[in-house]
Amino acid sequence: MFTYTVSVTTGNQVFAGTLNYIYLTLVGKERSSDRTLLDKSWFERLERGTVVSIDIHVEETLGELLLVKLEKEKFLINDDWYCRSISVTAPTGDCFEFPCYRWIADQKELVLPEGRGRLPQDEKLSIVKECRHLELENRREKFRWNEWKSGFLMSIDANKSSELPLDVQFDTAKSVDFNLNAFKAVENLGLNKLESLFQSWKDFADFEKVFITIKNTESEYVMQNWTKDAVFGYQFLNGCNPVMIKKCTELPDKFAVTPEMVENSLDRGTTLQEELKAGNIYIADYEILEDVQPNDTDPSTQQYLAAPFCLFYKNGQNEFIPIAIQLSRQTTPGEKNTVFLPTDDEYDWLLAKMWVKSSDYNVHQLVTHLLRTHLISEVFTIAMFRQLSAVHPVYKLLIPHVRFTIAINTAARETLINEGGVFGKVDSTGGIGIEQVIRKGMQTLTYKSLCFPEAMKIRNVDNKEDLPNYYYRDDGMMVWEAVKSFVSDVVKIYYSSDETVQGDEEIQAFVQDVCSYGMKNCPNNGEFPNALKTREQLVEYLTIVIFTASAQHAAINFGQFDWYAWIPNTPSTMRKPPPIEKGKVDMKYIMESLPDRGRSSLHLGTIWILSQFQDNELFLGVYPDKYFTEEPAMEAIKNFRKKLVDVTKTIRSRNETLELPYWYLCPDRIPNSVAI
């Protein structure tokens, strides 16, 4: 008689335990065990957070353990069970790990392969190959591609959160209804008292009455300093949307700025042409908003959009300041485009900057945030589930970085960006504008633009000496290199050569699925690899997936309340058209341009929600679920954490010297995945 000791761990989520009968069968290379009931007694059922151990006795040893079969049978009611993992100690003393981390619902049988990471070409036994094949076949039935809106990136085929596969739904404790939560946040922040405070905006002091109860250190700094040109410029380096600026070597044809207009802003005694040549001029161009239809969902409130140019100058004090703004792009003969300057009347210049920030906000939400982190991460996530087996090392590498991504995007499609959603209520691109901007954003979505170092080079902002104090770039590069080093360590463990990459049918199917299906509506989908030929290419690809879901999303999401809470600094919409003449703007016009009370309060509630870390947030490199079971891979994770600690120390040391610390890319504040 031989004894196998089996330990089964149930998850700690709400409702993770089960009253149902769970049967287990061990499958070895030589033979299988009898089907065995896991529960010893009524009082020792599979409760939440417990470990149940049983001994399975066999007449002959089973040989090398290959699989564990789990079967669930109804008892009284059919309830779901979340199995974390199973470990088996053989009579020889050898321990076999079977990671699960899945819900078991109505499946009659769930088969778990032994947990070592293996490429498909490593499988030699037909029983294991078949198990792997059936697993992916089942996943492809659950994770189907769908085109939510014409011309968008593909998404999951589910109309509501309850239709999602159980394994990608939110935990019971975490559900997101943006409409409900935004209104709840409005109440929690005391903004429901807004209407009783005053009936209309009179001046900026009215905003302070709202703001005083909800401020934090960063947002208070914004409130006190937002009119300063240097603070305006700083936000394009280190605010919520630090991806718009690029070095300007030649002025766009539609930009009517002249050297004479800006000569008073150039402090080196040089001309505009000389500063362009020296590399001290930068530009933010919102061409993407040209001809986009402004929000017309509320017949009682006319809303407006602009597609501005904003010219920046890195001056002799290394300040990054705006020196010219153009809000229109008139091409009709006889009509001029007004260029606003720092030397103009105070209100003219202030409103021009507010218009730029409003445009920036809308591009940030729809392109930088929604399209280039949320939607692209969902594409990677769906392809991973469809094409990579749970024992594939790349699946094990990526799974922590796709946690709740499909769930949060589905919730967004239900209550945030849908018709009648929060975006439609508060943003000037609401309504049909959302679809127009996303489709335009697809034009610039390229593979290289998702590669952080390449993105810096494309905009010609990669040189620290040319453009100092760009902490988004500096910290992003440190995190990118740490992630890349980790990915490289893992790839080297499992791929001995470039030929191994080429021979991995699952990884090739993964990138093919992304390119041909997930990205099929992207005009530049041909720039996305449809095959990987080298380990170096694989490392870059996986680094993009992890960095986008973690660091890039953190950089452009969690500062929203800091920078957007003071509404005059970044209006979500404008109720007056952009000025076309100078000298016509007064405080009354500015107040009438800003969002009304209702939109302001809903906007504040929404950005407050989006800026919050979740309970039990898992930050970069924190992997409580043990998908990898081999020592070399676990050592790679330890080394990754050490590198992240070093990056954190560097950032903390730098921040001690700054008036306004930059934290958004500090590893201990970067969640693993897009989950809010």
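First residue shown is number 1, and so on along the chain.
Including glycine, each Cβ sits where the backbone N, Cα and C put it.
Just so you know, TrEMBL annotations never went through curation; they're auto-generated.
Keep in mind that this is a model prediction, so the values were computed, not measured.
Copied over from TrEMBL:
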DOMAIN    2-118  domain 'PLAT'
BINDING   G17, D79, D80  Ca(2+) 1 binding site
BINDING   D39  Ca(2+) 2 binding site
SITE      W103  site 'Essential for stabilizing binding to COTL1'
DOMAIN    118-676  domain 'Lipoxygenase'
BINDING   H369, H374, H553, I676  Fe cation binding site
Students should find that the Cα atoms of H374 (Fe cation binding site) and D80 (Ca(2+) 1 binding site) sit apart, in Å rounded to an integer, by 29
Please give me the binding-site residues out of H369, H553, I676 that lie within 10 Å of D80 (Ca(2+) 1 binding site), comparing Cα atoms only. none
Going by C-beta under 8 A and a gap of 6 or more residues, the same-chain neighbours of H553 (Fe cation binding site) are H369, T373, H374, S377, P671, V674
Measuring Cα to Cα, tell me the gap between I676 (Fe cation binding site) and W103 (site 'Essential for stabilizing binding to COTL1') in whole angstrom. 22
Can you break down the domain 'PLAT' (2-118) into helix, strand and coil residue counts using DSSP? 3 helix, 62 strand, 52 coil
Proximal but sequence-remote residues of the same chain as W103 (site 'Essential for stabilizing binding to COTL1') (Cβ under 8 Å, at least 6 apart): D80, W81, Y82, L166, D167
H369, H374, H553, I676 excluded, remaining Cβ within 8 Å of their centroid (Fe cation): L370, T373, I408, I556, N557, L610, V674
Here the mean pLDDT of the domain 'Lipoxygenase' (118-676) is 93
A correct count of other C-beta atoms within 10 Å of the C-beta of D79 (Ca(2+) 1 binding site) gives 14
